[in-house]
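J.: One structure follows; several queries about it will come next.
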């Protein structure tokens, strides 16, 4: 009983197994999988801060490489004589590749470590970005080579966020996960701003090739620095043997996965993330068109920059707030629900206000508030998956992100259909609000923060033997 009272909600069978084992013991308690020296694998706070900065830069460069093609698409289509349909085929091929490696990336990260997958993928997609101009100029059919290149970019970048989720669940304590994920998540907004400003300047001065060269080389350099200074030159080799002999926490059988996916809390995070991703992709895709249709004389840089400038500090604030509340003793599940309430509930209020807006400044203000509040999900549903299943957080996040990506593409297309059919942007904003409220209600009703990737019957069994 003393053991139960001491460890409280963070208690797991691993702790029981270690209770009476000493480092010198040769034989552990039957059923215990982990040895004493392997138990405390969390980063210290200084190390976690260094990794946070490095992963923030990595996510920033990820988006610089990802957005390079959309920025250069107009110049490339003029040079290679692409039609609108062909340009759309090149740009859209990224998302099909992006969907296919989410689960695989998370699964491998859970087995061998997220830092290895991040390093290898960054080196690969960075090199692909740098070689994109070469492929375009030396291939007889640039449309085919660019479509294939973008598809491969999607495959390589699809492992990034599941690997982050896996790494965070393995190395970061519960009370600091919100800050890390929200800070790293803000790298996407920072990368969009950087490549939007610097990339446009390079495009005008040195041609579209320079955008790919610079973003690709910087990404490879980031991977090299991560390998050299954080991994201390350790070879990030992933073999079939290492996949087969991954840590015991990652060895979940098919039966365990089926049991896991039947948990209401797990279904809740999948549905909520699906709704969050769908609404975010829709806003990201259609807001520029909304401003051009509604305010044709407005300056594009205003509505393309200001919302992202608001999103960055908002994301950082949400992470600090959630970690502070948890460290003060507030229930973890309640904090996750509060963050998601701001992300999907309060933001929907500002989305609905866009339906009746009449002035450009008010529209920019409402959009900025919407995008800023949406970032609170980094400290809500995005972290909650690590609370529920730290042993397979990467793979589970991959499942969530795959569902979110597919539903996002469908909702973007359906929104375009609504605009053409109704001729009103209010229908799109009403759709976004409806989907948001559906996801929010699901999360508030079923979300939890206790571990569900372990068998509660085994916990009771171990407690009886103590």
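Cβ from N, Cα, C; glycine included.
Below are the features listed in TrEMBL for this protein:
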TRANSMEM  50-69  transmembrane segment
DOMAIN    51-451  domain 'Major facilitator superfamily (MFS) profile'
TRANSMEM  89-108  transmembrane segment
TRANSMEM  117-136  transmembrane segment
TRANSMEM  148-167  transmembrane segment
TRANSMEM  179-199  transmembrane segment
TRANSMEM  211-231  transmembrane segment
TRANSMEM  265-286  transmembrane segment
TRANSMEM  306-326  transmembrane segment
TRANSMEM  338-359  transmembrane segment
TRANSMEM  395-419  transmembrane segment
TRANSMEM  425-447  transmembrane segment
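Map the listed features onto the structure and describe their local environment.
T.: When Cβ-Cβ distances below 8 Å are used as the criterion, the transmembrane segment (50-69) is approached by residues 43, 90-91, 94, 118, 122, 125-126, 129, 132, 146, 150, 153, 157, 160, 164, 171, 179-180, 183-188, 190-192, 194-196, 199, 211-212, 215-216, 218-219, 222, 225-226, 230 of the same chain, each at least six residues removed from its ends.
Confidence across the domain 'Major facilitator superfamily (MFS) profile' (51-451), taken as the mean pLDDT and rounded to a whole number, stands at 90.
With a threshold of 8 Å between CB atoms, the same-chain residues lying at least 6 positions outside the transmembrane segment (211-231) that come near it are 50-51, 54, 57-58, 61-62, 64-65, 68, 71-72, 115, 118-119, 122-123, 125-133, 195, 199, 202-203.
Using a Cβ-Cβ cut-off under 8 Å and counting only residues 6 or more beyond its ends in the same chain, the transmembrane segment (306-326) has close neighbours at 174-183, 185-186, 189-190, 192-193, 287, 332, 335-336, 338-339, 342, 364, 367-376, 378-380, 383.
Note on the transmembrane segment (338-359): residues 178, 272, 275-276, 279, 290, 318, 321-322, 325, 366-367, 369-370, 373-377, 379-381, 425-426, 429-430, 432-433, 436-437, 439-440, 443-444, 447 of its chain, located 6 or more positions outside it, place their CB under 8 angstroms from a CB of the stretch.
Distant neighbours of the transmembrane segment (425-447): 264-265, 267-269, 271-276, 278-279, 282-283, 286, 290, 293-294, 333, 336-337, 340-341, 344-345, 347-348, 351-352, 354-355, 380-381, 384, 411, 414-415, 418-419; these residues of the same chain sit at least 6 beyond its ends, with a Cβ under 8 Å from one of its Cβ atoms.
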J.: Most CB pairs under 8 Å with the transmembrane segment (395-419): which of 117-136, 148-167, 179-199?
T.: 148-167
